[in-house]
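Annotated N-linked glycosylation site per Swiss-Prot: 52, 86, 382, 489, 500, 530, 598, 638, 671, in sequence order. Look at Swiss-Prot and you will find 156-178 tagged as region 'Disordered'. Here Swiss-Prot flags 158-172 as compositional bias 'Basic and acidic residues'. Look at Swiss-Prot and you will find 246-363 tagged as domain 'Cadherin 2'. Taken from Swiss-Prot, the feature domain 'Cadherin 5' applies to 584-694, supported by sequence analysis.
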């Protein structure tokens, strides 16, 4: 039997090796189940096993190491998942990373409410045990690689391994993708012989959460033998980001007297960590309230939603009794669901207690006194009120109304926007002789309506007693203006009218004296006692001081008061026209060519300062008594113009032609004007009047000049 023992051992050893080889061929490295659904209990109990995870690297699991994405759970060496403390984590996802020198894999654990999935936890696990894991028939075996972010030195460090059971001898592994040969380059690399994947530096999940890499085998010439096969690298989140309030400033408003539980505002923070983990699960609380009166807890914040609500009775939200209607809250957001290990961030919430019109304005006293001189206008008294509401709102701003004692609308009242006082003004002069006293009833209200349970009381009305002081009023002309119509040129000393001024101070015995104030032409005089106005010069309608036939003068009436008062009256004198102005012609100079075929010389016009009918039609004539020559002719064009023409051509010279023009007044007025006619040479379209410099007279004129010269000898 002994000789057979080595043979038997060899046979047994070959069978063991064969079985082991067969087992290796049937083994797939990794978790036997990739996804687990866990019913949410009322609470995970510390150190209580939740489930068992089965991982195999097909090499005996030597140096097996587990990592859990949540710091509140761990996996024991036997594969049992346990909670490190009593905790709730509804709807969250956990990742378990298993790794040996030969393989690594990741399992996903979804913690859900009992209604989210069908069946019990035991049924799910039973289904998982009876459901085979599908296998991919390929020689390159890859599993997702999980790498915690923010790892420390040393680098590079192995994070996973790719297995190819059928890799030909001499072939190599090649790794490509973002993070390898694409930006950011050089983060990952693979041992081309062993398939070990390593990371060269620490990772930041908030920058890149996953990397999609590709593995393939290539021959010595770089040609692909198998693949590429996708390899996913998942960066496991760490709680390395504090919550941040990004939407400030945070300002909220709540009306005073609001019921308990009134929502003021919402404050939410942002956490850059993985939202599927407690690293970004935020809880809110109020760290500080300023001021802390009348209660240190005026507000409450929903720890999950961030809604800030009132928690005091409406009576404590009385803006008028608060030291300061503005509250500042330091709001803290903490991740890890508010646990002590969580990171925090803070922001300030400013809450304004807004005013409502729950206080009516009240006069500071029931009666006000005012004194005003008759004839004076403007503000005579300021009415003061008190209102406890917010001075920046319509609940405080006052609106005043005169409700009695102002039938003549002599008074108005307006609100001073700075002081809220009522400024009572006289807008029409008061007459002491008519009424020396006035009594007004004033009402005050707010711009905004009062709240339903508040009304205006007796303190919202006040009486104003106004005393009018007598003043020496100026005499008043009646009528004013005074108007009279007279012919111009009436004789000097003619009486135009008698003016009349009365003194409004009927209770005083005063005398009135008259004087001239403005008399631009100096034509008038007034009797200081009786007011009779007469002329001191001829009244000329054509004077530059007369406008549209009206002359204006001003007179003064001064009483004997102390000090005296003076009134002004206006006199308008309408002057009727008389024919006292002779007409005159225009132009008075003309030119004509010595060889002109058209013998027309000039068209004359006439004007008259008088008014119609003392003006046109005008009569134009050549004063024949001094012009016997029969070389000129004048012809009527219309009522105001005539044409002067030649009967024959004349030599170059200056000719003086007397023109007589007569108006249509009764009696008519006549004016004789010399028309100077220059006869010029007009050769080759050039006008030369130099030879016309010497005057030319008619024969009769020459004879008269000769006789005059002889007489002087």
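Placed from the backbone N, Cα and C atoms, the Cβ positions cover glycine too.
Checked against residue 530 (N-linked glycosylation site), the glycosylation sites 86, 489, 500, 598, 638 differ in C-alpha distance, with 500 being the nearest. Neighbour count (other Cβ atoms within 10 Å of the Cβ, all protein chains): 12 for residue 52 (N-linked glycosylation site). Residues 25, 29, 99, 101-104, 139-143, 145, 147, 184, 188-200, 208, 211-220, 222, 224-226, 228, 231, 233 of the same chain sit 6 or more residues outside the region 'Disordered' (156-178) yet have a Cβ under 8 Å from a Cβ within it. Taking the Cβ of residue 86 (N-linked glycosylation site) as centre and 10 Å as the limit, one finds 11 other Cβ atoms among all the protein chains shown. Most Cβ neighbours within 10 Å, among the glycosylation sites 382, 500: 500 holds that distinction in the structure as shown.
Counting only the Cα atoms, the space from residue 86 (N-linked glycosylation site) to residue 671 (N-linked glycosylation site) is about 132 angstrom. Mean pLDDT for the domain 'Cadherin 2' (246-363) in this predicted model: 95. Residue 500 (N-linked glycosylation site) carries neither a helix nor a strand DSSP state and counts as coil. Counted with DSSP, the domain 'Cadherin 5' (584-694) comes out as 3 helix, 58 strand, 50 coil. Counting every protein chain shown, 10 other Cβ atoms lie within 10 Å of the Cβ of residue 638 (N-linked glycosylation site).
Here the glycosylation sites are 489, 671; the one with the fewest Cβ atoms within 10 Å of its Cβ is 489. For residue 598 (N-linked glycosylation site), the nearest of the glycosylation sites 382, 489, 500, 638 in terms of C-alpha separation is 638. Cα distances from residue 489 (N-linked glycosylation site) to the glycosylation sites 52, 382, 500, 638, 671 are smallest for 671.
Cα distances from residue 638 (N-linked glycosylation site) to the glycosylation sites 52, 382, 500, 671 are smallest for 671.
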